[in-house]
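Taken from TrEMBL as is:
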REGION    118-198  region 'Disordered'
COMPBIAS  129-141  compositional bias 'Low complexity'
COMPBIAS  153-164  compositional bias 'Polar residues'
COMPBIAS  177-188  compositional bias 'Basic residues'
DOMAIN    283-446  domain 'YDG'
DOMAIN    521-582  domain 'Pre-SET'
DOMAIN    585-721  domain 'SET'
DOMAIN    731-747  domain 'Post-SET'
Amino acid sequence: MDRSLGRDSGTNPGSYVDKSRVLDVRPLRCIEPVFPTSNYAPFLPPQAPGSFVCPGPAGPFPPPVSSFYPYFVPPEALKFPEQSPQTPIRPRSQNLHLGINTPPISVAVPINTYRAQETTEEENGGSGSSRRTSIKKSSTSYGVGDENGHDGQIQTSPYLSSFSMHVAETKDGSKGEKKRGRPPKKAKGSPVRISSPNVDTDAVAENILNSSAAMVFDTFRRADGDPESVAYILRLYDLLRWKITQIEESKEPVPGVTRRPDLRSGTILMNKGIRTNVKKRIGPVPGVQVGDLFFVRMELCLIGLHAPIMAGIDYMGLRLSQDEEPVAVSIVSSGGYEDNMEDGDALIYSGQGGNVYRKTKEVTDQKGGNIYRKTKEVTDQKLERGNLALEKSASRGNEIRVIRGIKDVANPTGKVYVYDGLYKIQESWVDRGKSGCNVFKYKLVRLPGQPEAFTLWKSIQQWRDSTASRDGVILPDLTSGAESFPVSLVNNVDSEKGPAHFTYVTTLSCSHPVNPPEPGAGCSCTDGCQPGNLNCPCIQKNGGFLPYTSVGVLINRISMIYECGVSCRCLPSCRNRLSQNGLKVRLEVFKTKDRGWGLRSWDPIRSGGFICEYTGEMIDRSELDKLRVENEDEYVFDATRTYQPLEVLPGDCEGVRDVPFPLIISSRATGNVARFMNHSCSPNVSWQLVTRAHSSMLDVHVVFYALRHIPPLTELTYDYGTVQPENEGQRQKVCLCGSSKCRGYFY
């Protein structure tokens, strides 16, 4: 293309040119500029001799030059679209200095135009050899982690406007590799999934946000958080994530597609501006406490604790006089690199980079499809990006937030992320890694005076492994083997040897059976109730969805949960029997400083996780009145009381529960660990009515679930509620819960 478009370039403006006839092609930098004429660009000021203007691909062009394929733009396309707040466009005047009058370009790109590609470098904090998928759009990186803590990577600018994240990969269980484009084989005899095609995930998410008394996240609240806003965001994120999971599970799986409810729900909140601590900062994050735990990397991003959802190093630019240099603000150490996490007060952190993944063609199958194998090449790490930020932080001595990823005991394939507080880099060096390549190493030391976090986890693990003894143990198991996990009795406060004698039972006894309002027909799901099977009567009673996730989290907080029971043919391991198989976490009864005996857990508990059932003997109102006269009503659960709203979110029970009959349980003589849960005006546990399929009686139970993520050795509490107006003369006790919302008393 030397000063022309080829031999046959004499085409009319607006016509296409046959590319096959274009000759003498040269790089664009060799093309001489086209000089505009005065009558063709009347809007331009007089040009000095030798000045020129380069037209854009869409023109306008001086005669006889015309647009050529693929840059031909029809005349109607040059019309300016009507501007809207959702579609920012470039003003026409911005291009006047170029001598062209081009239509504005929208920055909104449909999500289906992003192309998933493999990243060439593994970021720190990942899962080692797992495949990474990135959506390349801008330099702003938001990594991703699935609901169990598995890491991937997404890059988007700044968030995906409509998230339907599908990764077209499936795992080959035999070799641990992933292959593309091969649908998984359906096992013989697998249940037929009957899904409802009318459920719109986006509409459900929008309905949740619209129906909630949404907290207003204005400019100030997004910039700086507080405990209330942080708790609200995490609670709302959990609700959205599990609702989307519930819907996606009920749909027929698409071959080669991995759904990511964790990413989709996080993106919805980001696009709505429901996030906080957006402004990066050095040091503590408002509203976040040392020891707080998280089960998904997206949670760290939503509350501003660690912005990248994949990368292990978060950094910001710090301006010094005329220059700006990067400094690290937080790191996530989750076992992806050669980190040394043995010391509770120090951490040897490995830099990022050095792992390059290349895809090579391995073989061509009989159908003509190519099978590729991903190979890992290890190179020396470079002093750039996060590594450079850590090096600058070492010289400046600024504080760095440390989040440690720990194996989830309840879910071996997942991780729990614990905020371990502020550290400083003591020294840095270059070491030879296991692969023989250079790796940057940074020794971080924890600042003194902070609450225990990771060190507490290490102590609990030593108790569990019997490598260290638990101080103050009175009884190693007060259940005498009745529970699936031992429940220790601990007193580190005084010399009391234990609570008053009672008989430990794991069931609820009823001396006056109540007839069911309708027969409790059970299901015939011999392989367990499966999501989306609308023929299952137990699923039908729960509104068409299973009330629990695959990791044992309660999704629906409704008046009554319907579980499978004695009338059902499913196995005891059925997902819809969550509350019937004993404890899922290791609990201990301990002596508090001023509120008698309390209950706490050695293990972290997810928001919505099952804790225990309230067992004992079901009594009537007259028996309760007799216990009150004798001041023996300490261990009584009364479901007829009024309860304050738990949260400002939809689906939370409030007011008078829809109890089918006056449900009152006494655990004074017989009971279980639930009898030791103390009252709080800001509880972290709530109770839920659960009925189990039974054909001859109404089988109702009171079950406790976590309201939010609960760190280990945090006391478990629930709201005892307030009595009905006719019983306001009932004996009150001074409340010592210490909450900012404390009512000052409880019944």
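Using the three backbone atoms N, Cα and C, a Cβ is placed for every residue, glycine included.
A TrEMBL annotation is a machine prediction, not a hand-curated record.
Annotation: stretch 585-721 has the most Cβ pairs under 8 Å to the domain 'YDG' (283-446), among 521-582, 585-721, 731-747. Taking the domain 'Post-SET' (731-747) as a whole, pLDDT averages 84 in the prediction. Long-range contacts of the domain 'Post-SET' (731-747) within its own chain (CB-CB distance under 8 A, at least 6 residues past either end) are made by residues 594-595, 628, 631, 633, 641, 678-682, 717, 720-723.
Secondary structure counts, DSSP: the domain 'Pre-SET' (521-582) has 11 helix, 6 strand, 45 coil.
Helix, strand and coil counts from DSSP across the domain 'Post-SET' (731-747) read 0 helix, 4 strand, 13 coil.
Each residue in the domain 'SET' (585-721) gets a DSSP state, and the totals come to 13 helix, 53 strand, 71 coil.
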